[in-house]
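Written below as structure tokens is the structure these notes are about.
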Ligand code: HEM
Ligand code: HEM
């Protein structure tokens, strides 16, 4: 078999690339779904999840590298001519799906690697001795989570495209019986000589545009999904000075390389704040049992971590200090008590007051080890050390 493509069939190298990349992509999808659906409970189960994700990532990176080589090779090759140039719509759909597959075979592993690189703290590793993180990607849990939304939405699109593509191949094999499959698999001599056809670039261009639209649509759907997963209103209680009308208090931590975030459904804040002095005092009580953290809520509240049975309440008591520079954030400086341990803590936050209404928003990073949380998880391979605590609230003057 010729290594290079001919006018009637793909050559040996194009075939090798096609089938290895196809197998790696199907394996990556299977491993991603398998890893994501393993039971989460004790340490052994979590380790099994991370091992599965390590394989997922390794297979995905291999698919990416081969897909890039494949693209370079394809650029040096002519394409076998279409077998049925007259069937314009069929040709357009096939080409649009091919273009979308080209984009998908790069964008899916790339977004996987990007979300892996942006995740702070520990992660399940790509199984190779080379680097883990991509350059120029900041470690930012929120960014990683946004990319994860795309990755989790995109695989549906890629899987749908593969189904269409395979359905097309099967139609040619069993309904048309026209030897299309022999162009990519089996004996190339069985591939019929396609009729001479005029080359016109417009349909190719339109098919490429359709493919780009498919992936931009995917990004838009993923972004809107990420927004609807945003804060839920908490049952915050009124207090002296300013009463919280609506707000969200959440945490974020890296679990096996992916950021996971959760919310406390119940907390109370007593806020005294004098807008003239730009200072005051705040006391927040958080009901630890109200934490929801995706599939690992019970683990997080269990004896290994927050130990909600023994320590049902966390507390943050702080003085509110005016901004150090004009236009800068306020600072709440005080003590944070979680799981029976109290540690000095500083929470910078932005504050906007309009009439009787105040909007405040801020976050701080703590280290779970300072509170003895997850002491049995002494490295970051399972759960990262840094935990981000984030709030966003609207309060009314009493
Ligand atoms: C597993 C079942 C699969 C079958 C039976 C199959 C079959 C085929 C066939 C017969 C062709 C040649 C079409 C033609 O001559 O015009 C082709 C091309 C192509 N396939 Fe697949 N394929 C499969 C999986 C995949 C997967 C998983 C991907 C990528 C994610 C993929 C990407 C492509 C691309 C991009 C082309 C166009 C190649 C080019 O024009 O250079 N295929 N496939
Ligand atoms: C061909 C390439 C790839 C495909 C088709 C793919 C597909 C998938 C699928 C189907 C899932 C499960 C989604 C879900 O449960 O909602 C997933 C999750 C994940 N993938 Fe990939 N993946 C690819 C490459 C990669 C690579 C190269 C990395 C990292 C280096 C990666 C990192 C991840 C991570 C961290 C998750 C979990 C995301 C989360 O927690 O939301 N993937 N991927």
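Backbone N, Cα and C define each Cβ position, glycine as well.
Lifted from TrEMBL, the feature list:
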- 12-35: transmembrane segment (TRANSMEM)
- 55-75: transmembrane segment (TRANSMEM)
- 96-115: transmembrane segment (TRANSMEM)
- 153-174: transmembrane segment (TRANSMEM)
- 205-226: transmembrane segment (TRANSMEM)
- 241-396: domain 'Lipid/polyisoprenoid-binding YceI-like' (DOMAIN)
- Query: Who are the long-range neighbours of the transmembrane segment (12-35) in its own chain, taking Cβ under 8 Å and residues 6 or more past its ends?
  - Reply: 1-5, 49, 52-53, 55-56, 59-60, 62-63, 66-67, 69-70, 73-74, 77, 105, 108-109, 155, 158-159, 162, 184-185
- Item | Contacting positions for the transmembrane segment (153-174) when only residues 6+ beyond its ends and CB under 8 Å are counted | 25-26, 29, 32, 93-94, 97-98, 100-101, 104-105, 107-108, 111, 180-181, 184, 214-215, 218, 221-222, 225
- Item | Intrachain residues whose Cβ lies under 8 Å of the transmembrane segment (55-75), provided they are six or more past its termini | 13-14, 17-18, 20-21, 24-25, 27-28, 31-32, 35, 102, 105-106, 108-110, 112-113, 116, 124-128
- Task: State the mean pLDDT for the domain 'Lipid/polyisoprenoid-binding YceI-like' (241-396).
- Result: 89
